[in-house]
């Protein structure tokens, strides 16, 4: 949620920033509501002053033994008017708040302006894509041929965009997740968390999935609970309505969870394989940072994700998302895209974002300055560290051999019981 004072004092600044996102949001809606709310509050204060004056006159008349019925009747009318205006002001405030919950975050000044993914800016590339002596296959062919990925039975169990992992594939998925977690905990200082996989509406609102993107979520209708689309949701909301201590910042949490997405609007995209699933495993990184150091934390988090890819020997590139391609809650985002030789292109495997105080305002997450003073909103960050299924895809495609086998990256072999090569 944006700062109410910023919207009130500099609506034109907000309008310009949102225009960078190519948003059709009309700031005049907020201005109209805010003007009405302020007018109502002013009228209420004036009537309260009148009520106090009338109360004093009633008391004076009674002390003098005079008839105060007319004054009492006028006092009752004023009180009823105040009550009605209070209700109207509350309704306007609620409408204003609902409007603010649909407004995306403002892009940071370092974010390139653009409309969509075609305007994203490449920052760097790491690793050289392997030169194959044969035509590399796509992961779904490799996985099925080796007896590890079963899309047919998954379709029988659940439908499209689901996968059954067998034998080595199930173990490789688990190995990747454990390797990611162990690295984040031991090398990067994160605290591991195992959160609920379904959350309430308030929690989804805190991180920005609701109210605008409900169609992207899986909802348990009878309970009004939602399956999490990412562990960012429960991890960030762990400190909702709390005041942290400045000395405890930054805080870093990591979790391995299933993620559930309806993929609304993705009809016809990535219909084969593991790239776009209704259920997938991801290891998430979430950080709570001091406002003055959140962009340092963004670079650090990006480095944590990059190191995983480097240790796996997977070529990748880093891009800065343009203003029109960023997620709703982000003020700046880096995407890491891994090279997939079977598809002959880079595909997203991690997204690392600084959300500034946007989520903290929605979830009411603050910190107490070390020197005392009024609590301030923290800055929240989140990043994939990494998407497990997509990393499995990258391993299969980059380490495939001409005979159909797949070499297991060295860092994963301890998690695979020493297995060096996957064969049928």
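Cβ atoms here come from the backbone N, Cα and C positions, even for glycine.
Going by Swiss-Prot, these are the annotated features:
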type	residues	note
BINDING	230, 231, 232, 284, 384	L-serine binding site
BINDING	261, 262, 263, 348, 349, 350, 351	ATP binding site
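Using the Cβ center of 230, 231, 232, 284, 384 for L-serine, the list of other same-chain residues with Cβ within 8 Å runs, in sequence order, 233, 235, 255, 257, 259, 282, 283, 285, 286, 382, 383. Largest Cα to Cα distance within the recorded L-serine binders 230, 231, 232, 284, 384: about 9 Å as a whole number. Cα proximity to residue 384 (L-serine binding site) (within 10 Å) is found for the following binding-site residues from 263, 349, 350: 349, 350.
DSSP assigns residue 232 (L-serine binding site) to a helix in the three-state reduction. In sequence order, 207, 284, 286, 382 constitute the residues six or more apart from residue 232 (L-serine binding site) in its chain with CB-CB distances below 8 Å. DSSP classifies residue 262 (ATP binding site) as coil under the three-state reduction. Comment: ATP site residues 261, 262, 263, 348, 349, 350, 351; largest CA to CA distance 19 Å, whole number.
Sequence-distant neighbours of residue 230 (L-serine binding site) (same chain, 6+ apart, CB under 8 A from its CB) are 257, 259, 282, 284, 382. Cα to Cα, residue 261 (ATP binding site) and residue 231 (L-serine binding site) are separated by 12 Å. Around the Cβ of residue 348 (ATP binding site), 15 further Cβ atoms fall within 10 Å across all displayed protein chains. Around residue 261 (ATP binding site), a 10 Å sphere centred on its CB holds 19 further CB atoms from the protein chains shown. Annotation: 284 carries the greatest number of neighbouring Cβ atoms among the binding-site residues 263, 284 [cut-off 10 Å, Cβ to Cβ]. Closest by Cα distance to residue 231 (L-serine binding site), from the binding-site residues 262, 263, 349, 350, is 350. Residues within less than 8 Å, Cβ to Cβ, of residue 351 (ATP binding site) and separated from it by at least 6 positions along the same chain comprise 327, 333, 334, 335, 336, 383, 384.
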